[in-house]
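If you check TrEMBL, you get these features:
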type	residues	note
ACT_SITE	E89	active site, nucleophile
ACT_SITE	E93	active site, proton donor
COMPBIAS	364-382	compositional bias 'Basic and acidic residues'
DOMAIN	7-203	domain 'GH16'
DOMAIN	278-319	domain 'UBA'
REGION	355-390	region 'Disordered'
Amino acid sequence: MFCSSLSDTSGNASFDQNYYITWGQNRVLFFENKREVQLSLDQYSGAGFASKAYFGSGFFQMRIKLPARDSSGVVTAFYLNLNGGVHDELDFEFLGNRPGRSIILQTNVFANGLGGREQRTLLWFDPTTDFHYYKFLWNQHQIVFFIDDIPIRVYKNDVVTGQMGYPHRAMQVVVSLWDGSNWATDGGKSKANWSNAPFQAHFQDFNIDGCPSNPNSPNKDCYSTKYWWNKKKHWHLNHRQTRDYENVRRKYMNYDYCTDRNSFVAASIKLKDMDVPEVNKKLLDELEEMGFSLARAMRALHFSGNSSLEDAISWLIDHENDPDIDEMPSVPVKIEIEGLESSSISEEVKLKAQKLREKSRKRNKEEDKKLEHRKEKVERRARLGSAPQSNASLETITPMVHENKETTSVTSKRVGVESTTKADLMRDCLRSLRRNNKDDEFKVKRAFETLLIYVRNVARDPDENKYRKIRLSNPAFKERVGIFTQGIKFLELCGFERVEGGKYLFLPRDRFELAVFKSAMNQLHSAITNPYFGLLSTEA
């Protein structure tokens, strides 16, 4: 089991070694030589405790048994928190419920003062009858929320968004039992039933496996691999964990802010007096179905003129390395001012934007003509017998049209000997697509660019299931890639396989190989940037 070997001293620490009471002292009882703590809540007060130190990374766990009987409005919380200055926080919040209804576990992530990232999970067991482990694993790559040994939430550190979207300040471990009647159950309709008071929650295992750090002066050493939780094997879920994680989300996920557009937008807009731009809903849906996040899809549509899927995807390709690519686009809130001729200003802006787009298209057409002219010259020389006779000699004589090769995983190709490496098979597949459709350069380039998007998404986040499953009937995919047999074959070479009666292409998590996807991206980059790719080959 994943967490069984994470802490050799599990359950041995007493309360006083790592924690102290923060409030409600007369509602705290100790048992088993302070190896178990009971917090009580009545209509007057609850109670809480916190760690003596702050931590910059680590593995934090607590065995908890929740209050029994009708616990509507009662909130039991186990969380990491930095409340001074900019707010970072990781939450387990157990929302009490009426008899016969499941207690809901709400998790949340605050980073750089921004929250609104709630997810809610229905517990598949009764947490009031026995103790269960609740755990955080926090390193610079991911935050994983566990129930016992089962991961129920994974929050990745997207290197593009940087520290704005990921907790990076030292936090304190906090536990509390309090009255949340105004919101916790049925949106605040079901209040705490004080006739059942006192409500009592029990806590065990006061070990902390963390990197101590000053919250005002973060310890950079907290990301060192000398700490076991920072080692590479903890940068992502393993195969069993991924299977359990997907099973929990499929069966017990009750709410996810990522699928609630209003909540996601609210969590993403951080500037005062700013609003979200309006975009084409149909195009937005198509981009999301292709695997792009809501923020990226809206950003692409907004900045590409909200005109077409083609323009949005081209914008994404050109701006994939922008530092704010995963931030929701924002515009000043529209304020109506009497006497302002807003319609004429809007038309003027639209006209300028249209001129800029036409200028860009004209420049692209000129570049295409130049490339076509160069290609025709090479073809004429080939017909006259002055062109190189094989790919090998072409690479030697004319390095300007050399196709990039994955030097780390592709073996050299000798004259008369066909290489059977996966990189060569990928290259041949793309060459075939280009040769067989050389009269439709637009669709070929569009297919290459779309394949690059799908491959890059998986390479960046292989744990995200939506990137590893492609619906073949998806109109955007079908029009851009699915019309080419070589496009499907290329994805199959990457490890995708047909499932569910051939309706989907799916890449099992254990079949993902980073080296293969890096090679695929290199081949696609060569196909996109090299105007002669596939056109000079004499292979069938």
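Positions of Cβ are set from backbone N, Cα and C atoms, glycine also.
Note that TrEMBL annotation is computational and uncurated.
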Kindly state the mean pLDDT of the domain 'GH16' (7-203) in the predicted structure. 90
For a three-state summary based on DSSP, what are the helix, strand and coil counts in the domain 'UBA' (278-319)? 29 helix, 0 strand, 13 coil
Per DSSP (three-state), the residue listed as 'active site, proton donor' is strand
